[in-house]
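Written below as structure tokens is the structure these notes are about.
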């Protein structure tokens, strides 16, 4: 039997050097680590890792080759009250594995036990890691490096974006390959998108509860192997990495960046009754935030919370991020529940992971976007992230919906959100682009559902409609659900136009939810995380070409307005913006606070957004000059010069002089 050499303690994971494979695993509290390799017949062979450098266990297996399947058994104390849950009867996934063979099914053998250990061996059914070798020709690929001020983000799900697309070959629909297909790239280019933000692509598992209900985790926010691509999005699991990189290379050639939504806040091991896949059995005490009674701090709502203040976990997270940038050429990350990244346990801007990212020559150069909250006390941290980060701006989302759909927002608040929420983000040298403006996202109503439903309809999720937020700031315009009279359809269309215009012509970085530009509906489901079906897949055959053209014209218009592209804070008298009332006069303090919802926003002294958010048709006197409405609010030919705009109820128009 081949013996393991000591090998070396870096890098983490399994790495083939042409003659064998070096294996490394972190565990500060383990007493012994066994490497378990499986031959073609499934026969298991065990080797003690002979090297132990600090908290890194390591060994080198001569003659091992790519394709080798492996896992770990980690020996140590079973002391739940102390946070230790070692159980060598359970085969564990390498946290740095690049490929996984097998499925994460709901099976009692994949549990370690709660109060007492479950000593039933699970190697026969446990997923295995696969040793991979990396040879890929990037040709002349280069990151687009789109300036933040020019960035337009499009948030999409890998499968849902293309699974029903009639112009993409059937055999690649819903896959990584489809992202790089010319049809999809041309669509994104024509729309004006500069960055494709993908929901999680790292391998994830469906929660046992969902599996028992016949559902699955669709969004992917339940990670199990952070270095491995989710194989279900590949035409072939063995070629997933190359398929993904082919798509990125094609998108880069078109000038489109790729941003990954990444989950560095919890794992698919869930709470103490959840499955045992990896971290809990490798070093539970180090990887997770543990309470004094040995249970988890559940600051994520998912049962556990990664301890990103622990040096080894910081190294793990940093290595993971560098892997996606260096190996896959991704252009940035959106961090789910990112307040966890700054917990020490209190939130700090100089938390260890933030500092590591700041000091990394690779990670400090890519786009970083935070979802700036978690569910723990002190978890709402909008505006408080380090300067390198942009942040999802929920202030903008709520203000835009309240202004256009609830009619209860003062002009002053609306203007503040339109101006990149400077009261929130203008600090520590940050620029307006730090505000990621959104009206909708994967989490919540789609844009169409915002104007068709007053209440969530999440019954299909199996929780009796208890899940999902009740604070939607939506307006069904008098009838719950899709369809209705011509008048109803037109009023809803006008509201959609108003929300899109507010999003795409405001200061900050706009993010558009895929499908909003052609009227996608989830039929009132505002938490469709477990709906891998036609509820979430974009139906391109039913897309509204008129709405798509309207959205594309707005993005094109945005790129013509210097005040929106220069990424500088607006200052009084700088010529970037003037705020005027319906008579083209500066607003008084009373008008800002209590005035009618009528406003004119003059940008770069040449572009005018006239707003009438009242219930009545209102005459708006435009500023001095020869003004004409411009696309998408008027045709290209024969512009009509006007000095007064008859503003329809809940309407707006953009003019140029």
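Glycine is no exception: its Cβ is also placed from the backbone N, Cα and C atoms.
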Segment assigned the feature region 'Disordered' in Swiss-Prot (from 460-479, 480-499, 500-519, 520-539): 460-479
Other C-beta atoms that fall within 10 angstroms of the C-beta of residue 336 (active site, nucleophile): 24
Distance from residue 336 (active site, nucleophile) back to residue 443 (site 'Transition state stabilizer'), taken between C-alpha atoms, in Å: 11
Length of the line joining the Cα atoms of residue 336 (active site, nucleophile) and residue 371 (active site, proton donor), in Å: 5
Packing count at residue 371 (active site, proton donor) (other Cβ atoms within 10 Å of its Cβ): 22
Summary of DSSP states over the region 'Disordered' (460-479), given as helix, strand and coil counts: 2 helix, 0 strand, 18 coil
Cβ neighbours of residue 443 (site 'Transition state stabilizer') where a neighbour is any other Cβ within 10 Å: 18
